[in-house]
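S.K.: Structure in structure tokens, see below.
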Amino acid sequence: MRALLAHLLLCVLVVSASKGSRELQVPSDCGCLNGGTCMSNKYFSSIHWCNCPKKFGGQHCEIDKSKTCYEGNGHFYRGKASTDTMGRSCLAWNSATVLQQTYHAHRSDALQLGLGKHNYCRNPDNRRRPWCYVQVGLKQRVQECMVHNCADGKKPSSPPEELQFQCGQRTLRPRFKIVGGEFTTIENQPWFAAIYRRHRGGSVTYVCGGSLISPCWVVSATHCFINYPKKEDYIVYLGRSRLNSNTQGEMKFEVENLILHEDYSADTLAHHNDIALLKIRSKEGRCAQPSRTIQTICLPSMYNDPNDPPFGTSCEITGFGKENSTDYLYPEQLKMTVVKLVSHQKCQQPHYYGSEVTTKMLCAADPQWETDSCQGDSGGPLVCSIQGHMTLTGIVSWGRGCALKDKPGVYTRVSRFLPWIHSHTREQNGLAL
């Protein structure tokens with residue numbers, strides 16, 4: 001009976017505390033940050049908590065709920081990004097597996113480092129950008145996070161309605177730091193097209209990359225479509241940074257016409273005349289519209305001689321291809337890396353590819369053989385700067401393995417196919433020239 005009365009008395013105290021008389025300000029000794037106020041219960045003064053301003057949260061008001069980007073290297077980033085660059089969820093800093101790592105929520109300096117009872121990305125050890133622990137198989141790995149640098153997020157000065165197609169121009173300057181390479185956003189490669197194939201039942205899978213050469217035309221590789229040549233099977237996305245989720249401002253297109261090169265052939269390894277054209281049209285009947293994330297790429301000039309950059313030139317490749325040839329899945333985030341053009345004399349040496357490489361092809365590789373195009377990058381762009389304009393110099397075609405020594409990536413040499421492109425697109429307005 002006494003125990004019951006004591007329990008009822010405790011309930012009365014708790015209820016009365018919840019009816020407006022529970023809060024009593026105490027000295028700010030509970031570590032509240034960002035203007036938070038340390039509070040306690042009127043009847044249980046040993047229980048403290050932080051009353052946070054509207055845009056902050058967390059036990060100590062240390063989480064900035066309004067922060068969507070990081071500054072510098074992100075050491076002081078306190079936002080709520082919680083996935084890595086492949087879309088995998090971060091582990092909580094107070095989870096049992098993370099408590100065995102160097103950085104976790106139970107460290108004496110956890111609050112200063114932004115660590116706590118959450119799984120938000122942080123940079124406690126001053127790496128180049130925010131990161132988190134991710135469960136990969138049986139291991140917990142440090143992975144960079146899907147959050148952009150504030151310096152890369154500046155809005156264009158011109159309103160969208162004033163934008164026009166200006167081939168080879170982009171709003172962001174890439175930071176070079178596919179196999180190796182760096183995750184990027186579509187603003188760095190706004191001409192990149194992601195091509196998917198429909199399956200019975202409604203599912204879609206990523207097939208290949210492509211490049212927007214005019215508002216209505218995307219160029220890619222014939223080998224991507226040779227086994228399934230029906231145009232109705234394909235859809236094309238422009239302005240997309242992630243493989244299986246939407247990007248703000250992206251556009252979706254049906255394929256109105258699919259043109260495969262009539263002289264395409266494939267040997268044991270090499271692909272010849274590996275080029276294709278896709279005429280795109282939205283359900284509303286429109287071609288692509290220029291934006292911060294959608295832009296055309298320049299084609300080589302038909303009147304320059306030579307019309308390709310010199311061997312040794314650094315060029316960019318972009319795609320959703322596998323990071324290693326043994327990987328089962330494609331990465332979720334778009335990747336970009338830099339390779340250098342390799343001379344035909346070198347690429348035709350016996351320990352490279354010998355006679356399999358023709359003058360309608362280009363070779364490109366990383367001098368250290370650490371980065372390369374790989375499975376899934378096919379059809380995507382090899383882009384080089386020519387007279388200040390990013391120019392489609394090659395199309396990802398074939399190669400042996402990925403980033404193997406003396407086995408560079410081989411690309412369709414776009415300059416050799418300009419008459420073919422123009423004869424089919426009949427673009428004479430300068431956008432595809």
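Glycine residues also receive a Cβ, built from the backbone N, Cα and C atoms like all the rest.
According to Swiss-Prot:
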type     : residues      : note
DISULFID : CYS30-CYS38   : disulfide bond
DISULFID : CYS32-CYS50   : disulfide bond
DISULFID : CYS52-CYS61   : disulfide bond
DISULFID : CYS69-CYS150  : disulfide bond
DISULFID : CYS90-CYS132  : disulfide bond
DISULFID : CYS121-CYS145 : disulfide bond
REGION   : 151-177       : region 'Connecting peptide'
MOD_RES  : SER157        : phosphoserine
DISULFID : CYS208-CYS224 : disulfide bond
DISULFID : CYS216-CYS287 : disulfide bond
ACT_SITE : HIS223        : active site, charge relay system
ACT_SITE : ASP274        : active site, charge relay system
DISULFID : CYS315-CYS384 : disulfide bond
MOD_RES  : SER325        : phosphoserine
DISULFID : CYS347-CYS363 : disulfide bond
DISULFID : CYS374-CYS402 : disulfide bond
ACT_SITE : SER378        : active site, charge relay system
S.K.: Mind checking which of CYS32, CYS38, CYS121, CYS132, CYS208 has the fewest other CB atoms within 10 A of its CB? They're the disulfide-bonded residues.
M.R.: CYS38
S.K.: In whole Å, note down how far the CA of SER378 (active site, charge relay system) lies from the CA of CYS50 (disulfide bond).
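M.R.: Cα of CYS50 (disulfide bond) to Cα of SER378 (active site, charge relay system) measures 54 Å after rounding.
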S.K.: Please list residues from the chain of CYS30 (disulfide bond) whose Cβ is under 8 angstroms from its Cβ, counting only those at least six apart in sequence.
M.R.: CYS38, HIS48, TRP49, CYS50, HIS60
S.K.: Run through the Cβ atoms and count how many others sit within 10 Å of the one on CYS363 (disulfide bond).
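M.R.: I count 25 other Cβ atoms within 10 Å of it.
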S.K.: How many neighbouring Cβ atoms, not counting its own, are there within 10 Å of the Cβ of CYS52 (disulfide bond)?
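M.R.: I get 21 for this one.
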S.K.: What kind of secondary structure is CYS315 (disulfide bond) part of, going by DSSP in three states?
M.R.: strand
S.K.: How many other Cβ atoms sit within 10 Å of the Cβ of CYS347 (disulfide bond)?
M.R.: 23
S.K.: Which secondary structure state does DSSP assign to CYS224 (disulfide bond), in the simple three-class scheme?
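M.R.: SS state of CYS224 (disulfide bond) = helix.
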S.K.: Relative to the Cβ of CYS384 (disulfide bond), which residues of the same chain, six or more apart in sequence, are found under 8 Å away?
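M.R.: CYS384 (disulfide bond) has long-range Cβ partners PRO309, THR313, SER314, CYS315, GLU316, LEU341, MET390, THR391, THR393.
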S.K.: Could you list the residues of the same chain, at least six apart in sequence, whose Cβ is under 8 A from the Cβ of CYS90 (disulfide bond)?
M.R.: SER82, THR83, ASP84, ASN119, TYR120, CYS121, CYS132, TYR133, VAL134, GLN143, CYS145
S.K.: Rounded to a whole number, how many Å is the Cα of ASP274 (active site, charge relay system) away from the Cα of CYS208 (disulfide bond)?
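M.R.: For ASP274 (active site, charge relay system) versus CYS208 (disulfide bond), the Cα atoms are 13 Å apart.
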S.K.: CYS208 (disulfide bond): which of the recorded positions CYS52, CYS216, CYS287, CYS363, SER378 have a C-alpha within 10 angstroms of it?
M.R.: SER378
